[in-house]
Amino acid sequence: MSYACFLNKYPVRVDGMKTLDEYIPKNFRLPLFIYLIILCLIIGTGYFAVNYQQNINEKEIKSQLSAIADLKSSQISVWYHERDLDAEILAKDLVIPVYINSRNNPGSSDYIQVSLLEWMNTTLEKYDYQGIILLSPTGEVLLKEPQNALISQDSIHQYLSPALNSSDPINTDLFRDPDTHNPVMEYWCPIKEKTDGPVIGVLVYQIDPKRYLFPLIQSWPTNSETSESLLIRPEDNYVLFINDLRHVSNASLSLRIPLSKDDVPAVMAVKGQVGIVYGNDYRGVPVIADILRINGTPWYLVAKIDQNEIYAPFRFFVSLVMAILLLLLAVSGIAIWAVWVKRENDFISQNFELKQKELILADRVRLLMQQANDAIFIFDSNWKIIEANDRASEQYGYSLDEFRQMSLADLRSDKGKATLSEDLERMNNPLGSIVHTEHRRKDKSVFPTESSIRTINIDGATYHQAIIRDYTERIIFETELEKRNSDLYSLNEELGASFEELSSQEEELRHQMDTLKQSEIQMQELQNRLIEAQKVGHLGSWEYYINTGQVWLSDEGFRLFGLDVNPEGLIELEKVLSCVPDKDHVYRALMDLIEHEVPFKLEFTIQPIGSQTRILSSIAELIQGEEKNPIKVIGIFQDVTERKHIESQLRKQEEKLSAFFHSPILGTLMGDIYGNIFQANDEFLRIIGYSRYELEKGLIRWDDITPPEFLQLDQSSIIEAQEKGSCTPYEKQYFRKDGARIWVLIGYVLTGEGKDESVAFILDISRVKEKEDLIQKLNQSLEEKILERTNQLESMNIELKEEVEERILAEEEIQKALSLLTAALESTADGLLVVDKSRKIVTYNKIFLSMWNIPDSIIKTDDDITTLGSVLHLVKNPDQFLEKINQVYKDPSRETCDVLELLDGKLFERVSKPQKVGEEIVGTVWSFRDITQKTQMENEIERSLREKEILLKEIHHRVKNNMQVISSLFYIQSNITKDEKLKEILKEGQNRVKSIALVHEELYQSQDLNSINYSDYLRKISKNMFDSYQVNSSRIKLELSHEDVLITISKAVPCGLIINELLSNSLKHAFPDQRKGTITISFSSTDNEYLLVYSDNGTGISEEDFLSHPTTLGVELIKGLTKQLQGTIELDQREGTTYRIRFPV
């Protein structure tokens, strides 16, 4: 037995070749498979851990490189731009041209020279320059500070001539001085006495990069053995290293690398590549570098670190991970081997116990089969008999050997074999089955059987056990019993039916007697009631006897037709129809009923005898005999005159109401006080901009389209309507579907039992409102003009009164007035000349003569033409001057003004005005003013203003740069720290600083130094926030208004911080779990206030939490900054979150 078990577990092929089981036993395959899975998991975990740690290290290093490169790039760009501005400011200093011009006067130039040297010394100390040198146009050194300052002849030969021909400073870029061999950068600034004048000298100031620029580049904020920054620029086919290097001595402006070395980050920078790159540096060592182009300069910045330094700490981590992996592999292998040994021992023990139980069970089954009262068979999977008990041999007459030569089909009779295939499908059911069929014994006798079949699986083989019972006697007993039960059931049913029928007939007879008596009583009552009802309802009945042609009418019928009542109620049909104007139509309908059984239902007009026309409604039914021959027609009629009149009136009222309801003049709706709208006309839908489909779907509620500020007014009017039945019409606004607001006049009445239903009438008064606003403005303008005109009239009345008084004393005051006029003419600073229409000189003052140097002999001629000819040689453009004079004389009513330029450089302002006496023009008054000094002063003021504008722009620029440095420090600190909360705080601080810096950047770039275009500012600050939070614009969309609004700096900064906080809150909290959404920002202005509308369709914040319980710095900032702006905040939570912030202009 042990040998058989061994063969079953470890089979050997017949040809002697080894099978897979000899190498890997089946019971060892599962532990081996588990061990391989664990091995893969451990190796994969180690690989991903190493790879993850490597990515973290690289990401951190790249972040540090980018932050340091950004900071240094911005600092160098700011430094370079400051030097450019310094050059522009120094070149415009007014002391330098004064000194150059005063060199011909030694006495005055000494003082100016001392002042200029003090200015140079102060500039060197303030801006940390190496030296300042003033050159003449010939290259002669006029002044220098310090006294040991040198300038090479190469520089003079190369840059002096371009500087003399330029109006802007020239930057030489960094180069090695050929005399001192030190790196230096020079600015050559042309000096001019006037803006459009020639260059009278060149101011050169020298910058030593070792004082500030090189230390700035070489400094590194963290401890590192190989990190450094490189400043480079392209030069011919090489890359020139500008600053000193960490690993190469004296490399500044001397070390070059050809552009053919594509793997060097410096070469990559010159060829246009930016960002993080991998390559070999100037030593050939592998590095990671960040490349930036420095804005506003010809330089590139490369911040790099050796890869060996990056991966040095990482190698220990890899070794530690490998050791842990090997230890885990060993432990897991030992554990799986121990588990497999234990399972193998348990399997052998269990298999031995199972075999023992199988032997005991086999003995029990054998005894059970031998002692059973039913035949028991064991079939194989093909239904061949392989075992049978003794009862089967007794029942069928076959021996066990004969059974083993037979199958299930051999046991069945011919009838049983007919259903064998169907029975086999049922017997293959694994849950077992019972089959009834016929079997045949060895002596050919047939008997009915009941077979209980069950499928058994033993060692992978399928067997069928069948317990077969002969139930011939049971069938005989069941057949007899069933027959007797059937006879008894039939007898009981007959007796029950007879009894029930007898009882039903007796009860029915009794019920019919009662019903008959009750019907007689009700019939009499109904007849009485019918007579009364006919009188009240103007209802009559009639019968038409076909054979006699007579009509029977009820009493009400005689009354309606105005006929005398006949005791028998009979009257000729013709007499009845004589009261009907359209009697042919009535008669034809009656004949159609009789001949064709067409239903009789008519409304017709009658003209009763001695009465007014009435309208009757009648219906009738044909009564036929046994042979379907018509006997008579019975019918009823009713006077419907009043009903028809009422229906006509109601129809007219409904037509009027329908026309009023659907009128395009007035919007009408039916709803309730709870906000529902049941029905509305097209005008109301036009007013609110919705469709009828949306109304029918219940998508419109009047409280949803009402602005919040009008809901209290609606509630007050509802209370008034509940008390009075209707409300006083009032004005309010609705939200249209497109978001706009529209003014309406609304009034309504309440209906229903609870007065909760309403019929409202809405009038569009938006145009009226617009006209009212226009009328109000016109009235205000008219009042102002009336007031102004009234004041003028009052003033004119006063003047008239004074004029009357003056005319009384006119004779006395003429001489005094003439003397005052002469004194006034002489005392004015302008030269005056008065000429009459014939061009004769009426009067003039002495200033006019002195301005033009006109001799007395000419002016005494009193001839304007002669006087004009004497001064033409003084004017720079006499033809143009003469042409304008002639134009004035051609049209004396014109008032002219222009500026005359004389040959000696003087400027005269000329003004001409007509001289009037009343409305008549009697001459021309010429006024000449010397504006030479005034023009010079205006030019000086304009030049000074331009200089101050440059200085103010520089201040804004430097403030912006300082803000940028602070922002970069925040960025570096956020990359260094590991605290996520602190990182978030630093990022918020960085965004706030950027918001302030953007205002100064806009002012720096703006032509107006007092205000900025807030539309551009909104776009930039929004882009900055989306970039800061790395938001995908396809997930969260941003919609900005395009209205150009100018805002001052005092309001731009707090408003920008408010937008910064709102964007930060939305991007962090409004769209969780990668939810999509939209942020909308609009900024607009009216005459006296600004409106900022910010909305998002995210999760939102409740108004109570926002206004009463602020928990974050952002909310506190929004409220505080709004208070600083003297503004108000409105929060709308209907769709997402909407803030409306208003503050005065």
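Positions of Cβ are set from backbone N, Cα and C atoms, glycine also.
Any TrEMBL annotation is an automated prediction that lacks curation.
Looking at the stretches 402-446, 492-536, the one that TrEMBL records under the feature coiled coil is 492-536. Per TrEMBL, the stretch carrying the note coiled coil among 765-813, 912-960 is 765-813.
Nonlocal intrachain contacts for the transmembrane segment (316-340), taken as residues 6+ away from its ends with a CB within less than 8 angstroms of a stretch CB, comprise 27-28, 31, 34-35, 38-39, 42-43, 46, 49-50, 53.
Sorting the domain 'PAC' (596-652) by DSSP state (H, G, I as helix; E, B as strand; all else coil) yields 13 helix, 28 strand, 16 coil. DSSP labels the residues of the domain 'PAS' (361-426) in these numbers: 38 helix, 12 strand, 16 coil. Mean model confidence for the domain 'PAC' (728-777) is a pLDDT of 86.
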